[in-house]
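Marked as transmembrane segment by TrEMBL: A:31-51, A:72-105, A:117-138, A:150-170, A:190-211, A:243-261, A:273-290, A:297-316.
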Amino acid sequence: MSPKVFVKEEKAQVQTPSLKASALSSSYSQYLVKFQSLIALFILCLIISLLSDKFLTVANGWNVMRQISVNICISVGMTLVVLTAGIDLSVGSVLALCGAITAGLLKFGIELPSQDLFIGFTLLGAVMAGMLTGTLLGTFNGWTITRFKVPPFVATLAVLTIARGLTMLYTKGFPISGLGADFAYIGTGWLLGIPVPVWISGVIVVMAVILTNKTRLGRYIYAIGGNESAARLSGININKVKTTVYAIAGGLAAIGGIIVTSRLDSAQPNAGISYELDAIAAVVIGGTSLSGGRGSILGTVQGAIIIGVLNNGLVLLNVSPFWQQVVKGLVILLAVIIDKANSKSE
Amino acid sequence: MLVAENITKKFSGVVALENVCLEIEAGKVTALIGENGAGKSTLMKILSGVYPDYEGRILFRGQLVNFANPREAQRSGIAIIHQELNLVPYLSITENIFLGREIITNWGTLNQKEMRRRTQLLLHKLKLEVAPDTLVGELKVGQQQVVEIAKALLDESEVIIMDEPTSAISDSEVEVLFGIIEDLKRENKAIVYVSHKLDELFRIADRFVVLRDGRCIEAGEMKDVCQERLIQKMVGREIIISRKKTNNNQGKELLTLENICLKHPVRKDQNLLKTISFTLHRGEILGLFGLMGAGRTELLETVFGLHPKLSSGQLTICQQPVKLKSPGEAIKAGLALVPEDRKKDGLVLGLDVQTNICLTTLADLEDAGFLNNRKELHLSEKYIRELKIKTSSEKQTAGNLSGGNQQKIVLAKWLATKPQILLLDEPTRGIDINAKSEIYKLIQELADAGLGIIVVSSELPEILSVSDRILVMAEGRLTAEFAIEEATEDGILKAAIPNTI
């Protein structure tokens with residue numbers, strides 16, 4: 001039998017003064033890092049308001065908020081997906097398809113002349129059907145990714161094409177317009193002095209913040225993105241969590257599609273093209289790591305606002321749309337470079 | 001050969017090394033000993049050029065040197081073999097060895113013939129009898145390590161630093177490694193050997209240097225010192241050596257395996273586990289020993305429901321036959337698995353201590369569907385206290401803690417599930433003596449509290465000191481069973497070595 005070693009004394013906990021001092025001095029820089037996107041946003045607003053007197057007005061403020069509400073819907077879903085170390089490229093097309101289906105059902109219902117059947121849809125019914133479509137497409141994404149181990153990039157790229165094709169089939173390539181004043185309220189109305197789309201995106205953000213911080217699902221999302229293998233061994237049903245996340249992303253894209261359709265009073269077959277890129281940009285600027293496990297909903301919201309303010313400012317300053325794209329790209333790069341530098345210094 | 005004088009290194013004000021002196025002689029193996037966090041890796045990283053900024057002087061062959069990067073150190077003749085091997089699995093042995101220093105023909109293309117020839121020579125010298133074109137991913141861990149050594153030898157390195165070289169390889173592979181080290185000594189190379197395993201050092205090392213809290217505590221000849229004294233120097237405290245008392249009053253049958261088989265995931269006609277049957281009792285610590293590739297880890301994984309489609313056989317828990325299809329079901333049935341590789345499978349390194357501890361039991365920490373932060377805090381504080389996890393707070397990122405404390409977090413998250421059966425796969429790999437003894441003590445206490453525990457280990461002294469009963473595996477089969485009174489190192493090893501016909 002071999003001897004076994006026991007330690008008699010506990011090592012005394014001595015904290016060196018130098019350690020304490022460094023902890024104090026680093027707390028300032030920690031705050032800087034924590035609020036970097038807010039600081040960037042503040043500086044951005046300051047510069048634009050100095051250059052244009054139209055920027056800092058209440059009307060323009062609501063205008064910006066209304067414009068970014070669609071991107072916020074999509075990028076909240078995108079954040080959840082990216083936190084699991086995935087990506088969802090299909091959201092733009094899903095948005096278009098769900099907008100078209102909502103508009104189509106509202107205006108035409110379902111008509112099957114051969115069966116002598118007609119189903120009409122109320123506003124609520126059409127909206128629910130649109131959201132259901134988005135959720136189902138998201139579930140399909142999750143199913144191919146978890147069941148057949150298709151990489152998320154490829155699986156959602158396929159659905160991007162499929163959903164766009166289905167949109168064209170459903171609309172026959174033409175916009176579906178004239179949807180009525182009730183439906184227009186979703187995208188253009190006001191409630192208690194605040195635009196309805198801002199209410200919708202605000203509620204989504206609050207729910208997503210609670211989901212990520214206060215629920216089991218949220219914790220599982222971070223764990224899977226941080227270390228999938230450890231999460232699996234901890235008894236977490238990886239496939240279920242991932243599928244749920246893609247379903248949520250699809251559902252949120254559908255809500256975005258309904259808002260867009262309502263605002264334009266028209267479902268455009270080519271709506272939402274490249275919206276997935278704006279969403280990914282918001283997620284990345286907000287500090288969420290594309291390799292998963294690190295990031296937050298509120299970061300993404302800040303990212304979306306930065307992009308929105310930037311777009312708005314460049315328009316107000318009469319910058320050509322071509323230059324706007326260049327500037328936007330550079331901002332995304334800058335944000336990620338700063339984020340990398342920060343995580344390295346940690 | 002290599003002399004370091006008064007090396008001091010600070011990380012943002014925190015002293016990692018203070019006035020450390022080190023002398024490495026040619027033709028000798030110098031052992032560098034110390035607990036985790038003693039400053040061993042920092043010193044090695046300074047010597048090999050990873051940290052170019054430090055105070056003090058380094059003399060190499062009498063010349064003052066200051067390497068700007070590892071590449072420069074390597075060219076001058078100092079090579080380091082890291083604990084985690086740095087090889088590209090999808091490239092061949094030749095391609096790995098020549099990575100970044102390929103031989104080019106006059107046409108500007110790769111001179112594959114010459115590179116293959118020199119690889120062949122190196123492999124032959126190191127007695128690794130595989131083709132130079134073999135993909136590194138197909139090699140065993142021990143063989144991959146030999147490839148790393150070959151890389152070092154290609155540069156004609158004079159100083160070879162080995163960081164915990166035996167932490168991932170089996171005993172038979174250790175013998176091969178020691179043979180190579182003896183050969184290198186004869187060629188007058190200087191070797192720095194960093195390890196926790198003292199018995200190894202007594203076999204292979206000529207000189208030793210003990211580091212503690214960033215300071216050099218003692219240096220000398222290995223033959224002038226005994227194991228107890230070294231441990232005392234490392235820990236800096238008096239040590240009580242005690243013998244484990246065997247637990248004879250064993251309880252009821254807890255877990256029974258009958259004819260458990262596991263198919264190879266690719267080659268379906270092969271079995272990784274072959275008709276394994278045994279019983280674990282309440283309050284028993286069952287040691288499971290086997291060499292690398294014996295199927296120890298696969299056995300624990302199969303029991304834990306990780307291979308439902310490939311496995312067959314009957315599992316019985318508390319007289320109830322069960323069929324476990326996922327880790328979630330295994331946890332419900334009262335099982336817990338502390339995996340072999342805590343960084344890869346045990347922890348989410350980027351999340352904080354509290355989140356990691358609570359990950360397995362979140363359902364119990366909810367109120368009406370929402371997580372209750374107070375309950376989470378309560379649970380994590382309880383285990384930080386009980387397992388003496390040294391962390392600045394429960395919000396500390398798990399990746400920032402030492403190996404021993406990380407392992408305690410993994411244990412905590414599994415104890416939180418209140419398991420009846422605890423499966424421990426190499427529970428003390430790569431952690432310091434202090435944390436090791438604490439974990440042994442904990443295992444004992446848990447068994448006394450009535451848990452059934454299976455400990456898998458590739459370290460014989462560990463198995464012998466911790467188990468009540470020992471099972472030995474070789475090539476997917478159970479080959480022997482020993483009561484602890486009858487177990488000897490020789491007997492266990494004999495049963496663990498595969499019979500080649």
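Using the three backbone atoms N, Cα and C, a Cβ is placed for every residue, glycine included.
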Contact check, the transmembrane segment (A:273-290) vs the transmembrane segment (A:190-211), 3+ Cβ pairs under 8 Å, seq sep 6+: no
Range from A:117-138, A:150-170, A:243-261, A:297-316 with most C-beta pairs under 8 A to the transmembrane segment (A:72-105): A:243-261
Selected stretch (most C-beta pairs under 8 A with the transmembrane segment (A:243-261)) from A:31-51, A:117-138, A:150-170: A:117-138
Range from A:31-51, A:117-138, A:150-170, A:190-211 with most C-beta pairs under 8 A to the transmembrane segment (A:297-316): A:31-51
